[in-house]
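Participant: Pasting a structure below so you can have a look.
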Amino acid sequence: MENGEKDEKNVSVTEESTNPEEKDQDEDLLRGTEMLNVKEAINSSNEKSGNDSEAQIHVTDDPEKELNEKKNKEGSSVSMKPTDSNQIEEEILAEDKSQEPVFDGTEVPEMEDLRRSSNQSAELDSEAYGSILNERATAIKNFVKEKSNIAVSTFIRRLSGKKDENESSVEDFKNEGSESINSSSIVSDAEPKSKEAQHKFEERTTWNPLNLIKIGRDFDTFMTGEHEHENVPDLIEQPTGKGRVIVYTKLGCEDCKMIRLFMRQKKLKYVEINIDIFPSRKMELENSTGSSTVPKVYFNDLLIGGLTELKKMEESGILDDRTDALFKDEPSSAAPLPPLPGEDDESSSGKIDELATIVRKMRESITLKDRFYKMRRFSSCFLGSESVDFISEDQYLERDEAVEFGRKLANKHFFRHVLDENVFEDGNHLYRFLDNDPIIMNQCYNIPKGIIDVEPKPIVEVASRLRKLSQAIFEAYVSEDGKHVDYRSIQGCEEFKRYVRTTEELQRVEIHELSREEKLAFFINLYNMMAIHALVTCGHPAGPLDRRKFFGDFKYVIGGCAYSLSAIENGILRGNQRPPYNLAKPFGQKDQRSKVALPYPEPLVHFALVCGAKSGPALRCYSPGNIDKELVEAARDFLRHGGIVVDPEAKVASVSKILRWYSTDFGKNETEVLKHAANYLEPAESEQFLEILANTQLKVLYQPYDWSLNI
C-alpha cells in the first residue's frame, strides 16, 4: 500500500495554540518547518518508484553522465522533463540523512489522536484505510498552509531583531500554566475545589532551599563563562584562598554523607578524594594515619579527623578560627594533593588490538572518497572489492577467505555498510570506517581522538566502572534528595573527566552480551550521565528547538552505532516505541540498534530518567542486581512527592505530565494509567484513590512541566 509508507517516515508534528497571542516564537518556527516536512513526506509517498530496489545495485562516480547515457539508450521510451532532471540531481547532491523522531515538550493532541487511530485502523481493509489516510493528508496540508504564514512572519520578525509584544518569560508561563492545564475526559462538577488541588501541588513543589538565584535561559552562553558567577549556584563552595581542605570519602558511606552536609552548611570549601575511585590514595591515607577509615578531613597538612572531631571544634569555637586562618597560608609539601589528571585511570590501558593495526594499514592503502550509491552520495567511502584486494595481499588469503576476514573486521565495528544492507561483501558495495561516518564525527561526544586501538573490554566491566564513577559523582555533587545538581563542580571534577574518557571504551563493545537487568541499569545510568555531559558541554536548552537538539543531536557511539538521549529512551528502554506526538519509531527495520532494544517497554524507567528539568525525577545510580526493586522505589519516590496529588473532597487529581506523555506504556486509557500509578502511592492513599476512580467521577489536571534546570 503506497500510502502506508508514510508511517515509516520520521515525521514530527507540533500543534499551534488556539490563541495566537499565546504562542512561543521557537514553537512557531518549529511548527512551520515540521509541517513542511510532513507535506513533503505526503507528496513523496505516492511518487516513490522503487529506486532503492535490492535487485539493482550500482555504484558510479559520475551519476550525471550515467543518467545521460541511460536517456540516450532508451530513446523515445524515456521522456524526462527538465524539472524532473533537476529533482534527481538535487537528490544525488547530498547524502540522505533522516532525522530521529524527538519529543521536545511540545504537545500536539491531534497528532496523538492520529497516531492512535492509525494503530486501530490496522484491521481495516485497504480501500477504507487509504480513504482515511487521504483525509488526514488533506487536513495536514490545510494545517500547513494556515500555519506556515505565521512561521515565516515570526522568522522575519526575529531576523529584524524585533521582540514580540506578547513574549513571556518562564515564570509567566509557569504562572499561566495552571489556567491552561489540560483536563481529561473524566469530568467532575467540583470546579472551585479543583483549583485548591492545583494550589496544593504548587505549594509542595515550589519550595527549594538550594534555589538561591535564577539562571539565564540562553542556550549558547550557559556554562561558557559569559554568565556571572552568581547565576550558577554551587552545592560545594569552590576553593579560592591559599589553603585547602581535603576530605577522604568512599562510596555508600553514611558518615561521608553527613560530613558533606556539615561542610555545605558551614560553607567550607573542600576537595573530595574518594578512595574507591582513587585506590592509590587509600594507601596514602594508611601510610599517613595508620588507618584507611573514612571520612577524614585535612586542613592543609593538619589531620582534623572525622565528623565527631569537626563537631567538637564547632562547639568549642575553634573551627571558625581555624578556617579563617586556613586559607591565608599556603599548604606545605606534606599536605595531601587534590586528584591529579589521569590518576588511577584504567580507561586508556589494555592490550593493543591486532585487528586495529591491520585496519590502520588498510586505511592507508585503499582510496577513501565520496561515491554515489543508489542515487545518493556518501562521503569518505571505499569499495568492498578494494578492501578484499588489500586483505588478500596483506594476509595472504584467497578471495573468499578475504571476504570472511572482512566480515570479522566489520563485526568488530571497524566499518559498516553505508545503508546497513549487509555485513561485508565483495563487489561494488560501499563501506565506511566508523570514525568517517558524518553523524559519528559531528554528533558523538565519546570519540574525540578517533577509534581507540586497544582491544574492546567486556561491556559488563566497562559498565561497572562507569556505574562506580556515576555513583561517586552523584554522592559528591547531587543533593541528598537527588533533585538538585551542582553542574559547575561536576564539570571541573576529575571523576567526571575520567567518566568521559571511559565512555570512549564503548565505541566497539558487544552490547548484545547484556542481560535485561544489565541493559536496564546500564542505559538508565548512561542516559542520566549523558544528560549531564550535554548540559555542561552545550548548555541548558532554552526552548523546543534547543530541546530537540539536546535530545536528538548529542550522542555517544556504542557498539558501532550512535545513540542519542531520545534513542536510548524511546528506542532501547521503551522497546522502540514512537516518542510522544511523533509518527515514526526511532529504529527502522534495518537499524542494527533495534536488536539492542528491550522486547517490551519498561514503564518505570520514566521515574528514573533525568534530563535536567526540575519536574523530572530524582537523580540516582542503578545497579543491575537490584534494578527492578530500585525502579519501584524510584516510582514511589516520584509519585508520592508530587507526581500525583489527590484531593478526595473535590474529587480532583493533579498528575505529572509524564503519565500523559507516555500513557501508552502504562495502560490503554487514562483510567488504566491512573490505576497503574496508584500502585506506587502510600497504601491508604492508593486505596482511597482507587475507590474514587471506581465509584465517582474524577477530574484530572495535568501539572505544567517545569523545564528549568534542576540546580
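Keep in mind that glycine also has a Cβ here, set from the backbone N, Cα and C atoms.
As listed in TrEMBL for this protein:
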| type | residues | note |
| --- | --- | --- |
| COMPBIAS | 1-10 | compositional bias 'Basic and acidic residues' |
| REGION | 1-102 | region 'Disordered' |
| COMPBIAS | 42-54 | compositional bias 'Polar residues' |
| COMPBIAS | 59-74 | compositional bias 'Basic and acidic residues' |
| COMPBIAS | 75-86 | compositional bias 'Polar residues' |
| COMPBIAS | 161-177 | compositional bias 'Basic and acidic residues' |
| REGION | 161-201 | region 'Disordered' |
| COMPBIAS | 178-188 | compositional bias 'Low complexity' |
| COMPBIAS | 190-201 | compositional bias 'Basic and acidic residues' |
| REGION | 330-350 | region 'Disordered' |
| DOMAIN | 362-435 | domain 'DEP' |
Participant: Averaged over the domain 'DEP' (362-435), what pLDDT does the prediction give?
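Facilitator: Computed over the domain 'DEP' (362-435), the mean pLDDT is 95 on the 0 to 100 scale.
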Participant: Under the DSSP assignment, what numbers of helix, strand and coil residues are found in the domain 'DEP' (362-435)?
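Facilitator: The counts are 31 helix, 20 strand, 23 coil.
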Participant: What are the DSSP helix, strand and coil residue counts for the region 'Disordered' (330-350)?
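Facilitator: Secondary-structure composition of the region 'Disordered' (330-350): 0 helix, 0 strand, 21 coil.
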